[in-house]
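Structure first, commentary second.
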Amino acid sequence: MIIIGGTATNWIDERLSKLLVSRLVKIEHKVFPDGESYIRIPERLMGEDVLVVQSLYPPQDKHLVELFFILETLNDMKANKITVIIPYLAYSRQNRRFKEGEAVSTKTVLNLIKKTGATSLMVVEPHHYEELQYFDGEVKIADPIPDIARVINGKVTNPFVLAPDKGALNRAKRLSQELGCDYSYLEKQRDLTTGEVRVTNLPDLRLDGKEVILVDDIISTGGTMVQASQIAYSKGAKKVIATAVHSLFVENAYDRLINAGIKEIITTNTIPQDTSKVTIVDVSESIARKI
C-alpha cells in the first residue's frame, strides 16, 4: 500500500505514512501563470493499492480539480485499488435542494470523485452521514471525537456538552459519552435567503458552575457558536469551550467567538490553523484506525 500525498494535505499524508509504515509518494505540482494547475505522479504505480490524501479546504475548487487530476492519472496508470482520504469534504453543507433549481453540490462532488477513478472513500466527520450515499462505492468514516475528548478531559473537571443545533446532537452525545457527562442541544432556524440564524427552542438548562463544551462539525462564521455561548453563560456556565472538527474561521469568526466569552477553541488539522490561537488535535490516528 502506497500513500499519495496530494496538493492539500496539511502534513496528514506524512503522519499517516509513519503510522502505517507505508511509502509516501508526493505529487509534483505547480501553477501556471494563468492560474491552471499542473500535477505529475513521479512513480509508476501499476497494480498498486494506493491511498490518496487530499483535503478540500479553501481554495476548495482548486483543490477539488487537482484531486480529479490525481485520480484520473492513477486510473490511467492502472493502479489497483484507489482509496481517497478527504479530511475536510467541501460542499458538504449543500447536500440537498433547499430551493427549486439549486445544485445538490455534495452529490456532484462525490459522483465526480467516483467517476475520475476512486474505488473507495474515507471522510473525517462528514456534515451528514447520509450524504455519503452519493458515492457509489465503499465508504468509511474516521471519527476524531475520542481524540478530541482526551484533550478536553485534561482541561475540565465539571463538563457539560451542548450542541448549538439539533444537527450536532449526535456529536454531543458521542462526546458526552467519552467525557462521562450530560449533554443537551439548542434548536435553531436559518433564513435561507439571508443566512441569519436564530434559536427557536431553548431547553431548561441548569449550567451553574459547569464548564460547557460546545461541539459541532464545522465552524464557519461562528454565528451559531456565538449564540450558544451567550445562552450558556446566561444559564450560569462557569466557562465555555468551543470544539469543532473542521474550522474555517471566515468573516472574523475567531474574534467573534473570543468576544462572545469562549475561553478556548479546540479543533483539528483537517484545515490549516494558526497554532497560536487554537488547540489542534491530529486526525491522522483516527484515519489510521479505519484503514
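Keep in mind that glycine also has a Cβ here, set from the backbone N, Cα and C atoms.
Database features (Swiss-Prot):
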ACT_SITE  Lys188  active site
BINDING   Asp34, Gly35, Glu36, Arg93, Gln94  ATP binding site
BINDING   His127  Mg(2+) 1 binding site
BINDING   Asp165  Mg(2+) 2 binding site
BINDING   Arg190, Asp216, Ser220, Thr221, Gly222, Gly223, Thr224  D-ribose 5-phosphate binding site
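Known features from Swiss-Prot, placed on the structure.
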residue : record                            : DSSP (3 states)
Glu36   : ATP binding site                  : coil
Arg93   : ATP binding site                  : coil
His127  : Mg(2+) 1 binding site             : coil
Lys188  : active site                       : strand
Asp216  : D-ribose 5-phosphate binding site : strand
Thr221  : D-ribose 5-phosphate binding site : coil
A 10 Å Cα radius around the residue listed as 'active site' captures, of the binding-site residues Arg93, His127, Asp165, Asp216, Ser220, Thr224, exactly Asp165, Thr224
For Gly35 (ATP binding site), the spatially nearest of the binding-site residues Asp165, Gly222, Thr224, using Cα atoms, is Gly222
Whole-number Å distance separating the Cα atoms of Thr224 (D-ribose 5-phosphate binding site) and the residue listed as 'Mg(2+) 2 binding site' is 8
By a three-class reduction of DSSP, Asp165 (Mg(2+) 2 binding site) is assigned coil
Residues near Arg93 (ATP binding site) by Cβ (under 8 Å) yet at least 6 apart in sequence within the same chain, in sequence order, are His127, Ile218
Taking all protein chains shown into account, the Cβ-based neighbour count within 10 Å for Lys188 (active site) is 18
So Glu36 (ATP binding site), by the Cβ count within 10 Å over all chains shown, scores 10
Quick tally, other C-beta within 10 angstroms, Gly35, Gly222, Gly223; top of the binding-site residues is Gly222
Same-chain residues at least 6 apart in sequence with Cβ under 8 Å of the Cβ of Gln94 (ATP binding site), in sequence order, are Glu102, Ala103, Val104, Ser105, Thr106
Residues near Asp216 (D-ribose 5-phosphate binding site) by Cβ (under 8 Å) yet at least 6 apart in sequence within the same chain, in sequence order, are Ala163, Pro164, Asp165, Ala168, Arg171, Thr224, Met225, Thr243, Ala244
Cβ-Cβ distance under 8 Å, sequence separation of 6 or more, same chain as Asp34 (ATP binding site); the residues meeting this, in order, are none
